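Novice: Take a look at this one; I'll ask things after.
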Amino acid sequence: MPLRPRLLLLCLWGLLLQQAETDSEGQTTGELYQRWERYARECEETLTAADPPSGMVCNGSFDMYVCWDYTAANTTAQASCPWYLPWYRHVAAGYVFRQCGSDGQWGPWRDHTQCENPEKNGAFQDQRLILERLQVVYTVGYSLSLGTLLLALLILSLFRRLHCTRNYIHMNVFLSFMLRAVAILTRDRLLPTLGPYPGDRTLTLRNQALAACRTAQIVTQYCVGANYTWLLVEGVYLHHLLVIVGGSEKGHFRCYLLLGWGAPALFVIPWVIVRYLLENTQCWERNEVKAIWWIIRTPILITILINFFIFIRILGILVSKLRTRQMRCPDYRLRLARSTLTLVPLLGVHEVVFAPVTEEQAEGTLRFAKLAFEIFLSSFQGFLVSVLYCFINKEVQSEIRRSWRHRVLHLSLRDERPCPHAELGPQALPSRSAPREVPITGSTLPSGPLHGPGEEVLESYC
């Protein structure tokens, strides 16, 4: 049997076994498989004996689930629920629907909701309701993050005094969060219109629409991967400043750009090739063959673990420096807690919580807990990063206040006009010199600056 039909058979067989594991019909796995084989054999015999109709038609075939007869082009075919299903007596009157395109090719989707196990429908509806609510949550989160990230990116771009390697990396992190949000929101807009829902028997997915849908999936995977690699760049750069260089902000920015935007292509492109060759089904939104999904999942897990170890190392450095300053216990704990909470969203440390739990292990309550945790924090992560590293950053606030003061002074000097009857003198002339500007090198804390190599870096980040 060719590899692709074999994979489809394995996926179908796993689905049937999952639904039949609590079946009350008394069939064993061997009996179910024998019934399926007999159904497939009878389908082939029926199609061989039948005479294909004239004109443009979709060929009769067995798609590993149900037997399809020859169908005229641009019509919706229907087939009775396959009798090998363990719960067939409950769905004997049901049908499976599939669209035959105008080009004589079967559409990739089929509607088999009338043939599903009725005992599982209640649980399915509950799960669907939970997923719909989670979708609302992350839609709000990504939309909010997109707006704040755009504003933060404009602020760091417009104020030249804020231009430095550290903020350049921040800007790329903001951009990666924005691309991730746009890609996910766009994909969600495409899937409901391109993918049929239960009861929609006439919807079909044309070749162009299918290509657009898969392209959206590819772009989404790249943007998500780029987001994780740029979080890794933040961790590597901060570790480089604190441990290797000892406080210098002069880094190899081109290498960081190559790592942040180039590394995701190293695992997204192989995933696209393997997916196209071995699991080229529907819109690529389902990962039935887990081995293919691990091509993308493995590099992301590696970036999460590396950033977690960097996070632990930075906390160790911070603890040692705070102890050196002999801070009082309340101040010590407050500073450590604030630094921890500040670095968690920037490095994506929260991902470690469910990183050991694979997709295969996550079932039932654990699966929904993992989804809720990751979806909520990932969607609002961009919002938190933009607030912590732009809007409440003391360096950014100082630059905005300085620019505002200069703007107000400029307007007041422009509107002020000399009086012709007044006695002019040196004391009556307004001063044209601006207040002395103090170079901004980083944010300072009320507890006072740290001293020593790398201290200014910790002040800027923590």
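Just so you know, glycine gets a Cβ as well, placed from its N, Cα and C.
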Novice: Is HIS163 annotated in Swiss-Prot on the same side of the membrane as LEU277?
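Specialist: LEU277 and HIS163, as annotated in Swiss-Prot, occupy opposite sides of the membrane (different topological domains).
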Novice: Check for me: which candidate out of CYS11, CYS43, CYS58, CYS164 does Swiss-Prot give as the disulfide partner of CYS100?
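Specialist: Candidates were CYS11, CYS43, CYS58, CYS164; Swiss-Prot matches CYS100 with CYS58.
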Novice: Candidates are CYS43, CYS115. Which one does Swiss-Prot pair with CYS67 through a disulfide bond?
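Specialist: Cross-referencing Swiss-Prot, the cysteine bonded to CYS67 turns out to be CYS43.
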Novice: Could you pull the disulfide partner of CYS115 out of CYS81, CYS164, going by Swiss-Prot?
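Specialist: If we follow Swiss-Prot, the cysteine bonded to CYS115 turns out to be CYS81.
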Novice: Consult Swiss-Prot and report the residue, out of ASN74, ASN227, annotated as N-linked glycosylation site.
Specialist: ASN74
Novice: Could you please provide the mean pLDDT value for the topological domain 'Extracellular' (360-374)?
Specialist: 79
Novice: Do any residues, 6 or more residues outside the transmembrane segment (215-239), come within under 8 Å Cβ-to-Cβ of it, and if so which ones?
Specialist: 165-166, 169-170, 172-173, 176-177, 179-180, 182-184, 186-187, 190, 251, 256, 259-261, 263-265, 267-268, 271-272, 283-285, 296, 299-300, 303-304, 306-307, 310-311, 313-314, 346-348, 457, 461
Novice: Is it the case that the transmembrane segment (291-316) and the transmembrane segment (339-359) have 3 or more CB pairs under 8 Å, with pairs at least 6 apart in sequence?
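Specialist: The answer is yes, given that the two segments have at least 3 Cβ pairs within the 8 Å cut-off.
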Novice: May I ask which of the stretches 136-158, 339-359, 375-395 has the most CB pairs under 8 A with the transmembrane segment (167-186)?
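Specialist: Checked against 136-158, 339-359, 375-395; highest Cβ contact count belongs to 136-158.
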Novice: With helix taken as DSSP H, G or I, strand as E or B and everything else coil, how many residues of the topological domain 'Cytoplasmic' (159-166) land in each class?
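Specialist: Its residues fall into 5 helix, 0 strand, 3 coil.
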